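A.B. asks: Just passing along the structure, written as structure tokens.
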């Protein structure tokens with residue numbers, strides 16, 4: 001009990017401010033990497049509080065940068081904080097924090113998109129999927145350039161219960177561009193409803209918990225940011241392979257302003273498109289004149305189940321890619337056109 005109390009009451013000693021760290025190490029945000037620094041520790045403390053109780057927790061922070069959120073996490077009484085930072089310019093400042101919190105901060109100079117976290121924390125933290133979430137958290141102020149591919153990667157990890165979710169239903173508290181945060185949490189019928197809405201909400205309870213004004217960052221981005229909290233569901237709302245769900249959802253939202261049958265039709269080769277799209281919508285009992293934004297997760301469950309049935313009946317169907325078909329048609333036309341010129345005549349439209 002005494003050791004637990006010690007962990008819970010840890011506070012960092014006085015340190016240079018984040019602004020001073022930036023000056024000391026001559027750090028500048030790189031626009032191409034969409035870097036923006038949070039300097040206000042009251043705001044970083046608020047983000048960390050929104051993650052829930054971190055007393056004695058094991059935390060994985062992505063993209064710590066100069067260490068604003070890192071300080072707030074350490075002051076929350078964690079057992080251990082693992083940070084992964086790709087930009088080597090930030091490592092000396094983070095090392096200063098590590099020296100001030102002996103044994104609590106572990107720094108990895110690497111890419112969060114490829115870093116393997118499965119074995120980073122003690123095995124004893126692992127929980128059954130049906131149990132309460134483990135005492136493991138992911139927190140991060142994500143660079144806008146990697147936020148979407150990273151959350152899609154982690155959602156696939158949720159579906160397969162690997163990566164950060166090898167420990168159980170690991171919770172995530174992440175900062176996104178406000179528009180992305182709104183898409184992740186958008187309800188059925190919302191103009192922000194998108195592929196991200198479905199992919200996140202079929203696997204997780206997703207909440208937009210905080211909006212951060214752009215002026216809180218250095219340099220000031222053109223848009224505000226939103227903090228989103230994810231808790232994986234014990235049972236996904238769509239019980240099909242992640243890649244299949246992603247395929248159906250991506251196609252449905254290709255033509256977001258048109259009726260849903262337009263995008264869903266791209267799941268099928270042109271020769272059978274009309275017939276197969278009709279069959280899909282009939283099996284799923286989905287109105288073909290609904291717009292993609294009007295489709296609920298339940299609609300997508302029915303569509304994915306129906307598409308899986310059709311793929312089982314025709315094993316070649318899942319490998320179909322309408323872009324490849326368009327490319328091949330374009331190549332065939334170019335070959336035909338070339339042969340026309342060789343014969344000495346020009347077809348109509350050439």
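Think of each number as a place in line: the chain as shown, counted from 1.
A Cβ is built for glycine as well, from the same backbone N, Cα and C atoms used for every other residue.
Please treat TrEMBL annotations as automatic predictions, because they have not gone through curation.
Source: prediction; values computed, not measured.
Quick paste of what TrEMBL says about this protein:
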type    : residues                 : note
BINDING : 36, 38, 63, 85, 111, 141 : S-adenosyl-L-methionine binding site
DOMAIN  : 43-234                   : domain 'Ribosomal RNA adenine methylase transferase N-terminal'
A.B. asks: Among the binding-site residues listed here (85, 111), identify the one with the smallest other-Cβ count within 10 Å.
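C.D. replies: Among the binding-site residues 85, 111, the lowest count of other Cβ atoms within 10 Å belongs to 111.
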A.B. asks: Greatest CA-CA distance (Å) over the residues 36, 38, 63, 85, 111, 141 that the record ties to S-adenosyl-L-methionine?
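C.D. replies: Pairwise Cα check on 36, 38, 63, 85, 111, 141 gives a maximum of 21 Å.
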A.B. asks: Going along the chain, which residues six or more apart from residue 141 (S-adenosyl-L-methionine binding site) have their CB under 8 A from its CB?
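C.D. replies: Result: 36, 38, 47, 63, 65, 68, 69, 175, 225.
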A.B. asks: In this predicted model, what is the average pLDDT of the domain 'Ribosomal RNA adenine methylase transferase N-terminal' (43-234)?
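C.D. replies: The average pLDDT of the model in the domain 'Ribosomal RNA adenine methylase transferase N-terminal' (43-234) works out to 94.
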A.B. asks: By the count of other Cβ atoms within 10 Å, pick out the sparsest of the binding-site residues 36, 63.
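C.D. replies: 36, out of the binding-site residues 36, 63, has the fewest neighbouring Cβ atoms within 10 Å.
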